[in-house]
Amino acid sequence: MAYRKRGVKRENLPQQHERLQEKEIENNTDVTMENKNNNRKQQLSDKVLSQKEEIITDVQDDIKIADEVKKSSKEESKQLLEILKTKEDHQKEVQYEILQKTIPTFEPKESILKKLEDIRPEQAKKQMKLFRIFEPRQLPIYRTNGEKELRNRWYWKLKKDTLPDGDYDVREYFLNLYDQILIEMPDYLLLKDMAVENKNSRDAGKVVDSETANICDAIFQDEETEGVIRRFIADMRQQVQADRNIVNYPSILHPIDHAFNEYFLNHQLVEPLNNEIIFNYIPERIRNDVNYILNMDMNLPSTARYIRPNLLQDRLNLHDNFESLWDTITTSNYILARSVVPDLKEKELVSTEAQIQKMSQDLQLEALTIQSETQFLAGINSQAANDCFKTLIAAMLSQRTMSLDFVTTNYMSLISGMWLLTVIPNDMFLRESLVACELAIINTIVYPAFGMQRMHYRNGDPQTPFQIAEQQIQNFQVANWLHFINNNRFRQVVIDGVLNQTLNDNIRNGQVINQLMEALMQLSRQQFPTMPVDYKRSIQRGILLLSNRLGQLVDLTRLVSYNYETLMACITMNMQHVQTLTTEKLQLTSVTSLCMLIGNTTVIPSPQTLFHYYNVNVNFHSNYNERINDAVAIITAANRLNLYQKKMKSIVEDFLKRLQIFDVPRVPDDQMYRLRDRLRLLPVERRRLDIFNLILMNMEQIERASDKIAQGVIIAYRDMQLERDEMYGFVNIARNLDGYQQINLEELMRTGDYGQITNMLLNNQPVALVGALPFVTDSSVISLIAKLDATVFAQIVKLRKVDTLKPILYKINSDSNDFYLVANYDWIPTSTTKVYKQVPQPFDFRASMHMLTSNLTFTVYSDLLSFVSADTVEPINAIAFDNMRIMNEL
């Protein structure tokens, strides 16, 4: 922007046209210029006072320079020519500024907000059945000669038999089983919800769940069931102790399943709920805030229960060296915070039209086309003011870093920026953006006022421009204001166990605005000795516009502080402050809009909004801690199960997926492994540790109930005779390994040293390879005879590949369709392999009948705040922490 020389008066006022007449400029030229100027003023005045917000433009013809002016040699005409030449460039800056502000700076990401709000406490699910791994099944009994008897026998088998072969894979199966139990582990059990009628009961009794009822039916109908057991089933019913609110239900469970369910019943997370707990659940600062009137609607019954949320703090310190993860968390918090910050609607703001008209009068914009003050009105609208208000509060609540966008030639933006830097702590801004804004304020306003040379700032200087200026400026008020900004930091205060970032008391009560105004008044009184008069006047008028709204700025500062602190009371995770990877853009023109349009109407969050914000924060925080506990338990279990090939990164990925808000594939690997290392350092939560120990103690029992795998194989060069087995008939099964040399199959495969086996086999010594192997059955006698002469292990020893071993279970019994082929009882079937298979646990009704105890009834409430009715005082009467109205300017 080109400026006139000192002492040169404005040329487009009527008095100046008279002078041009006196100085022998032709009358026609004067009339033409005067008409053009009048028309231009009229058009621009209409546009400024119009309710429509539109870009101010000039008629293109006006930019063409008149031939008469070109030919004129007068000094005034030359200066006018210079101004008109630069006006087009200046207009582009104005249009850019307006365009920047009319484009919305924030697009709400509904998907992230929905993910956050959809995180619900899992305890809301009702448990409709007991946890079971086993179920009883009937298996036939075989005679000594291999014929099947008519009798049956009951054994415990796996409900879902998916056991893989291979010791390592079996251990991985148990890890997956553990993970499944952690997901399904109920926070509470109410047996009354799942109880069903016992069809065989003589007095309409109930048993604990449908599976128990089905087992009872099957046993009752089994011909071999003893009469005493039938009579017992007929007597099975619940036992109620109403005075103690307790009920006992009969159940039929495998001892391991009973141990799990008994543990779940004895370690429920529900706690008694009463009015006092609900009232204490409300954040203390909301309870004690006189602007909110809270009341309990009803008393709770003695059977009311709730699950205390898990709100442990900073177990992983995601703010420390996890840039991508922290950026995602703060972004989610920012989107959530924006949704709860109250809106400054048009009725709460000063009328944009009236305010722009008043500003035009203050600026005396009769010479609108050639004054730099034109930009002061650019982009002022209520939408921008509301956007700025929400951005400032939401960014502080989520500790999101902001970056500033501004045009240096718009002095009004920079003066508004001085208010912004006064009120918002420096840490909230990207350092480079903060330095650029401070440097623009110093070199545009502060240093020119005192006639000081421009500041040449070295990139990378540890000091900010304001810190350098504070040491160089002699004026007390300005230096004092700079000192305040340079030391404006959040104060970290722990309130209710949560680290809060609180504002300086001078900001909270608005007194800092007086300090800002003193500095601005001092600057406006300076002479700007090295700058043109117009420059000084533009700065002074910008300061005048802001200083005219001193009362409103104090109120605005108090309003921002109050809304920030009230919403901050609903945050449950520590507010750690770290500069974020991405930033939220803030236009300084929107700050101008906020400063100029803020009215005297108080807006505070509604109680329902506060409760919603609090509930979402609690649910996310609690889910975050529960998922940490799951991940820590799985990592510990993987180590204790010696899963040396397990990719820990997959456990960390599952952990992040269950937190809902992360785009896991985009998280850098270094942060994944760092997260793994931090998870490894955490202790396992007690309930999860106990459950894992239960699995660890019973792995063998679970494994032997599977029909998919055997526990080893005995191999020999000499044929071994098939033996009778009660469950399978004549088969090559061994039920124990007594007398055999044992070698661990997994170790053998890892080392690859088969010499020991080869030597033993060559010496005609059978050897037992112990490990989980496929339990393959083949009852076709034809295929059996085809394989009898084959030496099963010879090929394996030759190839040295033990993992290809598929031991075969040979069945020769009366079930075979080809049984007539082996009617010659002199023939003795043999095999060079014997499958080692442990005997599953027989089903014993008496040992499997357990009485389970739980409360007869209780009601679990997940939304505690639904019992609280809340209202606010009239917003105009709302008071801040200092017991004065938030908005004093009426």
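Heads up, the Cβ atoms here are built off N, Cα and C, so glycines get one too.
The feature region '5-fold hub' is assigned by Swiss-Prot to 1-88. Marked as region 'Disordered' by Swiss-Prot: 1-46. Positions annotated as compositional bias 'Basic and acidic residues' by Swiss-Prot: 9-26. According to Swiss-Prot, the feature compositional bias 'Polar residues' maps to 28-42. Residues or ranges marked as site 'Interaction with the intermediate capsid protein VP6' in Swiss-Prot (evidence: sequence analysis): F232, M236, M849, M851. Look at Swiss-Prot and you will find 404-424, 432-452 tagged as region 'Hydrophobic', backed by sequence analysis.
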Problem set entry | Residue numbers, six or more beyond the limits of the region 'Hydrophobic' (404-424), whose CB comes under 8 Å of its CB atoms | 1, 90, 93, 96-97, 100, 372, 375-376, 378, 392, 396, 433-434, 436-438, 440-441, 444-445, 466, 481, 484-485, 488, 507, 512-513, 515-516, 519-520, 538-539, 542-543, 545-546, 553, 557, 560, 585-589, 591-592, 594-595
Seminar exercise, completed: The DSSP breakdown of the region 'Hydrophobic' (432-452) into helix, strand and coil residues is 18 helix, 0 strand, 3 coil
For this session: Work out, from DSSP, the number of helix, strand and coil residues along the region 'Hydrophobic' (404-424).
Result: 13 helix, 2 strand, 6 coil
Seminar exercise, completed: CB neighbours within 10 A of M849 (site 'Interaction with the intermediate capsid protein VP6'), counting all protein chains shown, number 18
Seminar exercise, completed: Counting Cβ atoms within 10 Å of each Cβ, the densest environment among the recorded sites M236, M851 belongs to M236
Exercise. Within the chain of F232 (site 'Interaction with the intermediate capsid protein VP6'), which residues six or more apart in sequence place their C-beta under 8 angstroms from its C-beta?
Worked result: F845, M849
Exercise. What is the average pLDDT across the region 'Hydrophobic' (432-452)?
Worked result: 93
Exercise. How many Å lie between the Cα of M851 (site 'Interaction with the intermediate capsid protein VP6') and the Cα of M236 (site 'Interaction with the intermediate capsid protein VP6')?
Worked result: 10
Seminar exercise, completed: Reading the DSSP string in three states, the entry for M851 (site 'Interaction with the intermediate capsid protein VP6') is strand
